[in-house]
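> So TrEMBL says this about it:
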type     : residues  : note
TRANSMEM : A:21-42   : transmembrane segment
DOMAIN   : A:80-263  : domain 'ABC transmembrane type-1'
TRANSMEM : A:84-106  : transmembrane segment
TRANSMEM : A:132-165 : transmembrane segment
TRANSMEM : A:190-211 : transmembrane segment
TRANSMEM : A:218-239 : transmembrane segment
TRANSMEM : A:245-263 : transmembrane segment
Amino acid sequence: MTNETNSTTPKKVPAIYPAKTKLQVTVIFFVVLGIYLFSMSWTQQQMAGGFSGALSNMFNVIEKFFPPNTAVISAIWGPMVETIQMAIIATTVAAILTVPLALLAAENVTTFKPLYIVTRTFLNLLRTIPDLVLAVIFVGLFGIGLFPGILALIIFSLGILAKLISETIESVDMNPLEAMRASGGNVFQVIWYALIPQVLPQFTSLVLYVFEINIRASVVLGLVGAGGIGLILNQQLGFYNYPNAMMIIILIFVVVIAIEYISTKIREALL
Amino acid sequence: MIEFKDVGLVYPNGTEGLKKINVTINDGEFIVIVGLSGAGKSTFIRSINRLVTPTSGSLLVDNEDILKYRGSDMRKLRTKTGMIFQNYNLVKRSNVLKNVLAGRLGHTSTLRSILNLYKKEDIGLAYESLQRVNIAEKIYNRADELSGGQQQRVSIARVLTQQPKYILADEPVASLDPPTSHQVMTYLKKINKEDNITTIVNLHFIDMAMEYADRIIGMRAGEVVFDGPVSEVSESTFEEIYGRSIREDDLRGGADKS
């Protein structure tokens, strides 16, 4: 004798979301839609005529770039390795510097609010500087070469890494930390015993990810004189030596794919 | 000896966790604190090792007012009070031995513990503690590979390795099934008797409190409303503590363990 008979006559049923939430979501939806429509109409005005010449230009470009000059492989292999070395050094230094910064920028570890806010702000500032700008500044300071490139990469990847890792730290299970504290562990012991084991897999994974980004970024940095394969690519483009440039591009492509594949495999095994 | 003298605690949000608590806990006692959730049991227990800090009164552990402690004094206090948690609070990705060795942190210098340079005696002690709770065969298993009851036994081994003077157990069996609950309580009782470690356990199961406690402290809304030996406790005492009649879910059951 349940009230099953009532189910056919619609009674007052509560909505899944409260009216206020519904209104908010609707407003946000239309605002986002408005932004899309506006950007579409705006950029189409600018783009008009852009396409017409592209197809015929395409043939010219391809004709110039192909076939790639395979003879230069031996000559460009050195700078390519340099680029990888740059990325390795920069990633390693950044990974080490990240540890204290990420801890200070994690709200659950750094309970002293002002320190946390200062570190967070510092990291945010770090991330607003584009890597290319960093490279231009350091090339200006230290001259053309690998060193300014490495410095630019360190600062660039520090910004990303510290932010991502501090967020990983904030999501750990705090209970083991409490247990370590309760058994008399000091701050360092609590971090080492209860926190590090929890974030180590993500830490390694993120460092590998940043290493991938650094390989690509170091190519771009070479364009402004910060050493490595990018520098050579820029020279060859400057000499209108397109078959050589094409070979460099293919080499970069192969190396980046290979490194991404290896690092993806390692990260899969870790997590 | 632990003495609460007019201890009160007001949380930053204005909630009164403890109201003028006056309790003396003698060495070697096995005390069970009962009360509904929110009655202040956890706050009471966590005041003793300063995981929370009472805002008024004085709390004496071995005749020293621990409310004035900070820094190294606090570390010493926590080294002599071991704690067991409802959710075991093990480091899930670390192996059992490493989790148990963490009990020695308070006795070990920062450098030694970070380099894993534990003294031979400490490792021996950790292994012995694991043997005492019958889980020594799992030393190299990761903590998250164990069942709830096994994890709680590992956390008891961690506390044993700490060689504390007091054991505080905050709802140690709330996440376990009845047979495992009794097993865990039996270990706690055994340790209390064999090592003469003062043990304070939070429980909300009446039958378990009656079975294992020497003395029961009842709490309601931040106040101690009952304090006496088990012999003086009857069903009406619990009804008074809980402020309502006793229901079936206040009992753990399964006391006739095999």
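Just so it is clear, glycine is given a Cβ too, placed from its N, Cα and C backbone atoms.
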> So which residues does the transmembrane segment (A:84-106) touch in its own chain, when a touch means Cβ under 8 Å and the partner is 6 or more beyond its ends?
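Answer is 115-116, 119-120, 122-123, 146, 149-150, 153-154, 157-158, 161-163, 165-167, 169-170, 191, 203, 207, 210-211, 214-215, 217-218, 227-228, 255, 259.
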> Look at every Cβ pair spanning the transmembrane segment (A:132-165) and the transmembrane segment (A:218-239), keep those 6 or more apart in sequence, and say whether at least 3 of them are under 8 Å.
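The answer is yes, given that the two segments have at least 3 Cβ pairs within the 8 Å cut-off.
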> For the transmembrane segment (A:190-211), could you work out the same-chain residues 6 or more beyond its ends whose Cβ comes under 8 Å from its Cβ atoms?
87-88, 91, 94-95, 103, 109, 157, 160-161, 164-165, 168-169, 172-173, 176-177, 179-181, 259, 263, 266-267, 270-271
